[in-house]
Amino acid sequence: MKLEIEIEHWPDGEWESITGGAAKATRDVEPALAHARLETSVLFTSDEQVHVLNREWRERDKPTNVLSFPMLDRDRLRALEPEGPPEMLGDIALAYETCAREAEEKGISLEAHATHLIVHGLLHLAGHDHVDSDAQAEEMEALEIAALAKLGIADPYGDRT
């Protein structure tokens with residue numbers, strides 16, 4: 001998978017490397033993402049920009065930590081032939097202020113939280129969801145936990161009772 005990364009309104013950091021590591025770990029747990037023809041863009045931006053995107057595309061008038069915009073449905077992704085032109089999997093946008101606040105509240109690094117949200121976003125682009133049923137949510141969370149474990153990042157859901 002080819003990654004296009006744009007960084008706006010985030011502090012200096014190893015965001016390209018973090019994104020690449022998150023993508024590799026996610027490909028390891030979701031083989032459909034291992035396709036060489038896939039392209040994904042990841043935007044590190046502000047709460048203000050994510051608020052605009054959330055309002056325009058999801059009709060939710062507030063910022064959120066991560067948004068994903070899939071461009072291939074799950075069946076088409078799984079049927080993708082090895083040869084052919086690049087295919088845009090979708091876009092991911094992360095909101096700095098929300099991500100930083102959540103990381104502080106959880107007592108984890110911004111890098112670890114951003115990694116989790118990139119994994120989460122990539123799984124959404126691959127057709128996974130957590131809204132329709134508890135079973136779907138559990139499946140998606142298990143993939144997130146497995147991908148993050150490959151990177152040495154603790155289970156982000158481990159504090160639930």
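Note that the numbers count up from 1, one per residue, in the order the chain is shown.
Cβ atoms are placed via backbone N, Cα and C, with glycine included.
Of the listed candidates (His51, His130), Swiss-Prot assigns His130 to the same Zn(2+) site as His120, His124. Its own atom aside, the Cβ of His130 (Zn(2+) binding site) has 16 Cβ atoms within 10 angstroms in the protein chains shown.
For the Zn(2+) site, the Cβ centre of His120, His124, His130 serves as reference, and the other residues of the chain with Cβ at most 8 Å from it are Ser68, Gly121, Leu123, His128, Asp129, Met140, Glu144. Scoring each of the binding-site residues (His120, His124) by how many neighbouring Cβ atoms lie within 10 Å, the top position goes to His120.
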